[in-house]
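A.B. asks: Okay, these came from Swiss-Prot:
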- SER25: active site, schiff-base intermediate with substrate (ACT_SITE)
- SER25: pyruvic acid (Ser) (MOD_RES)
- THR57, GLY73, ALA74, ALA75: substrate binding site (BINDING)
- TYR58: active site, proton donor (ACT_SITE)
Amino acid sequence: MQITLLKGKLHMACVTQAELWYDGSCAIDADLVKLAGLREFEQIDIYNVDNGERFSTYVILAEPGSKTISMNGAAARKVQVGDRIIIAAYAGMEEAEADRHKPKLVYLNSDNSVNRTSNTIPVQVA
């Protein structure tokens, strides 16, 4: 049986651009794409921490080292420049593979520089 698990995420990315008339997508600094284990044209989910919006789009590459996070097309209506977002990708896998799976988690500062990386999320304490 296949299950769907978190593959990789960019946590607390800061939107640097919103381009309504650009082809729909999310342009992400190519270095960050690689670090989070994402791929060009891969479907991603966006969770806007500032306004609660949740939507799907796909990855396009922005210039490496630019720290760009640009929401394009219709997705530009769901964010404001400066909003903090979570960008997540998921993958389907067999349960045996899921037992060994480690997601690529990238935690960002407000300027989209890398704060830290991990492959685990601590247990939430009550």
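Each Cβ is built from the backbone N, Cα and C atoms, and glycine gets one as well.
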A.B. asks: In the same chain, outside THR57, GLY73, ALA74, ALA75, whose C-beta lies within 8 angstroms of the Cβ mean position for the substrate site?
C.D. replies: GLY24, SER25, CYS26, PHE55, MET71, ASN72, ALA76, ARG77, LYS78
A.B. asks: Please report the distance from the Cα of THR57 (substrate binding site) to the Cα of SER25 (active site, schiff-base intermediate with substrate), rounded to the nearest angstrom.
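C.D. replies: Counting only the Cα atoms, the answer is 6 Å.
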A.B. asks: Just jot down the residues in the same chain as the residue listed as 'active site, schiff-base intermediate with substrate', at least 6 apart in sequence, with C-beta under 8 A of its C-beta; none if empty.
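C.D. replies: Listed in sequence order, they are THR57, TYR58, VAL59, ILE60, ASN72, GLY73, ALA75.
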A.B. asks: Can you tell me the three-state DSSP label for ALA74 (substrate binding site)?
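C.D. replies: It is helical.
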A.B. asks: Using a 10 Å radius around each Cβ and all protein chains in view, which of these binding-site residues has the most neighbours: ALA74, ALA75?
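C.D. replies: The residue with the most neighbouring Cβ atoms within 10 Å is ALA75.
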A.B. asks: Please report the number of other Cβ atoms within 10 Å of the Cβ of GLY73 (substrate binding site).
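C.D. replies: Neighbour count, Cβ to Cβ under the 10 Å cut-off: 16.
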A.B. asks: Provide the number of Cβ atoms within 10 Å of the Cβ of THR57 (substrate binding site), excluding the reference atom itself.
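C.D. replies: THR57 (substrate binding site) is surrounded by 19 other Cβ atoms within 10 Å.
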A.B. asks: Which value in Å gives the longest Cα to Cα span across the substrate site residues THR57, GLY73, ALA74, ALA75 as recorded?
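C.D. replies: Between the outermost Cα atoms of THR57, GLY73, ALA74, ALA75, the distance is 10 Å.
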